[in-house]
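Summarising the annotation, TrEMBL assigns active site, proton donor/acceptor to Asp148. The feature Mg(2+) binding site is assigned by TrEMBL to Asn7, Glu384. Taken from TrEMBL, the feature ATP binding site applies to Lys14, His208, Leu209, Gly210, Asn211, Gly212, Asp283, Phe284, Arg285, Gly331, Val332, Gly333, Glu334, Asn335. The annotation substrate binding site is assigned in TrEMBL to Arg91. Among the features that TrEMBL reports, site 'Transition state stabilizer' is placed at His180, Arg241.
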Amino acid sequence: MNILVMNCGSSSLKYQLINMETKDVLAKGICERIGIEGSRHVYSAKDKDKRVIEKAMPNHSIAVNMVLETLIDKEVGVINGINDIKAVGHRVLNAGKYYPNSVIVDENVKNAIRDCFDLGPLHNPANLTGIIECEAAMPNIPQIAVFDTAFHQTMPPKAYLYAIPKEYREKYNIRRYGFHGTSHSYVSKRLVKFTGLDINNSKVIVCHLGNGSSISAVMNGKCVDTTMGFTPLEGLMMGTRSGDIDPAVVEFLMNKEGLSVKEVMDILNKKSGVLAMSGISSDFRDVEDAANNGDEDAINTQEAFSYRVAKYIGAYVAAMNGVDAIAFTAGVGENDSAIRGLVCKYLGYLGVVINPEANKVRGKESELTTPDSKVKVCIIPTDEEMAIAEETVALISK
Ligand code: AMP
């Protein structure tokens, strides 16, 4: 059974075609600069050479059709016809209050995604366009929406309520939503399995540390808290996002620098975080190199990042009254042993004992702690495309 996973951005379309029996990625690619001059389609298929097709893609409809044509192409394609695709799983950013799970797309689902445009102005419109174009190109193939927010819908009010007037909260649905839900769902389940826990009696913390970073507390398989909020700006410091900050800084900067709200939000989203604190790069590899050469700003950045991760872990241990296992995932979590080591230095009070040799591992499902450690700390690689594909199969098999 082949599942096509689609992730549509405002000017891009990323996709993977996965054989769910063998878990092989048959083909994957990205259409870039859709609607902009210089658009191109980068395509790679299993056992075939990578292809870069430079062709105008004035809109998503043309991009979707180009992807399908490539997948069935006699020379570079991997399937005989469109009907070899059983279903399409779409990554959708925000389902607002509407859906706590993935759903098969119908008119109601499309209306709900449309109704949440305000909550994900950059992503939701593009996600909906992707769905509509796939429906048009593959009219008999089910389309599934997999929401980044869905896994976090089980949070209790005490975790998702903001302390602002009810009038505004209710009028505009302002609350903590949380993001990276597909990753948190996938990694928490793998962690429970990998550590031999009973999901119905488990307390785990997932640290998704990548360019965007978030942590979730998952109790008995259900999310009870997460660090991202109304938007992905809240919580941890990230590659270019500030994370938690006193909102008064926004007004202060506007007044002092004569900036608009949009300009300050742009600074907080795109020019802050690891990039701003290090003054070097948003990429932890560059920061680590500089730290190893004694750069003080780089050292402070690594320490501030790890300190914040450790503080949230502490908060979530309190929220769940304990923790059985902790997972590191995503680019930094899976690969950066320095950051993992710095975070784990704070976890002695939990009885965490790290095996330094095991902590050298990169990108592989593995345990970092010694057998006598009271809490297991593991690397669990995330695979958001596979998670979307699995959700899709689960829904169409019901
Ligand atoms: P992601 O958003 O999950 O793709 O993660 C991307 C980030 O992971 C990059 O910006 C890097 O900072 C980080 N990263 C990837 N590989 C490594 C590595 N080998 N060591 C340290 N950081 C890494």
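Just so you know, glycine gets a Cβ as well, placed from its N, Cα and C.
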Subject >> Long-range Cβ environment of Arg91 (substrate binding site), under 8 Å and at least 6 residues apart >> reply: Val5, Met6, Asn7, Cys8, Asn127, Val146, Asp148, Thr182, Glu384, Ile388
Original post:
How many neighbouring Cβ atoms, not counting its own, are there within 10 Å of the Cβ of Leu209 (ATP binding site)?
Top reply: 27
Original post:
10 Å Cβ neighbour count around Val332 (ATP binding site)?
Top reply: 26
Original post:
If you check the recorded positions Asp148, Asn211, Arg285 one by one, which have a CB less than 6 Å away from any atom of ligand 1?
Top reply: Asn211, Arg285
Subject >> Most Cβ neighbours inside 10 Å, all chains, among the binding-site residues Asn7, Asn211 >> reply: Asn7
Subject >> Alpha-carbon spacing, Glu334 (ATP binding site) to His180 (site 'Transition state stabilizer'), which is rounded to whole Å >> reply: 16
Subject >> DSSP-derived structure type at Arg91 (substrate binding site), helix or strand or else coil >> reply: strand
